[in-house]
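Take a look at the structure set out below.
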């Protein structure tokens, strides 16, 4: 930035939060710079783009800043001019010119373009001090652009949609807002709560609820739901319940997300009785269960071997005209398969065509589970082949389930074939599966095959971490025999 004078007039921000309006001045253009700015501006408003090429060598960050300021009430033309410079003389663009354009776009409520601009031109090329530098640039150019707090909302919403950068940069921006006494709104605080939950700092996430009151903000349903989800994801159901009770104390109306989150939390821990209590409370609160609600409960009952309860929920779902999706049927099929009811499961798969639903990897995995439960490794292998032909990708669990089924039936050729398929997909098997397979091969005198497979895994760097090959009998010469 060139000779920028900044003067802040602010009181202590410990008890109140407000947006400071910095008094910012930049040098006025003179002589050749002033002529260049005026000529460029004239060409732009008359769409004489071809006349800009001879001017490119003389355009500097200083002149670009003033051109953008002259264009600031025409956000469309400002963005077109930026793209022109970005293509033909990107070296002239600075963090200051970027921040000015961001102010222009958000002031015009063109949030979609602002978000895209942030991601493609600022965030993806950030440096170590990027958050602080960008924040300062936005703050310094705030008054020049007659901007509004919407620019900071846009920044937070953009960061909220980024997975990799979300937690660290978002929290840094929040700290910069606090440092500069800029008042965050409820949306911003909710994003901060979510960021803390993502990095596992739940105590800080919970503290933000108290901070909101100090800021004069009222937590909304998203604030509470986000924190409940954070606790449930860590299995801290008692603390999640405390937040649920706090919602009632604060007279915040619970919604379908609130109940679905708690139901899912209890189902993941196998506490179906508690999950069902919330299902009952949900209906008593006149919150209609949706597809996610039923899917979560059906899946929960299926995993604990209670397919009949899952089927009752499915029937209730149909009575209430809640649309079932592929996840619903996968959960029902899995429940039947875990109990060895493969014929009923196969019949349900046939229903998918009538519902215009396509079996996916989870459907096939459930069917394979059913055959493995019945120790029918050959049938499981046929389903596996059908799965591959349909373009579905097996996961580690499916592969290991098949390998174990083959080993139990002493079909080691089949087990080795599936293991090699797994290695071809660059998946690392679990140590227990390797021990089961290698010990089985050694017991039937196929040490050389086991040794060959072990060498293949070492060459591909796919031995599981901590796997002790010294404990496998195949490495000892006295145990090595021909196939």
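The backbone N, Cα and C atoms fix where each Cβ goes, glycine too.
If you look up TrEMBL, you'll see 185-219, 220-254, 255-289, 290-324, 325-359, 360-394, 395-429 marked as repeat 'PPR'.
On the 0 to 100 pLDDT scale, the repeat 'PPR' (395-429) averages 91 in this prediction. Beyond its flanks by at least six residues, the repeat 'PPR' (185-219) meets 17, 149, 152-153, 156-157, 159-160, 166-167, 170-171, 174, 177, 226-227, 229-231, 233-234, 236, 239, 243, 246, 250, 252 of its own chain at Cβ-Cβ distances under 8 Å. The list of residues near the repeat 'PPR' (395-429) in space but at least 6 beyond its ends in sequence, with Cβ under 8 angstroms from a Cβ of it, reads 361, 364-365, 368-369, 371-372, 375-378, 380-381, 384, 387, 436-437, 440-441, 444, 446, 449, 453, 456-457, 460, 462-464.
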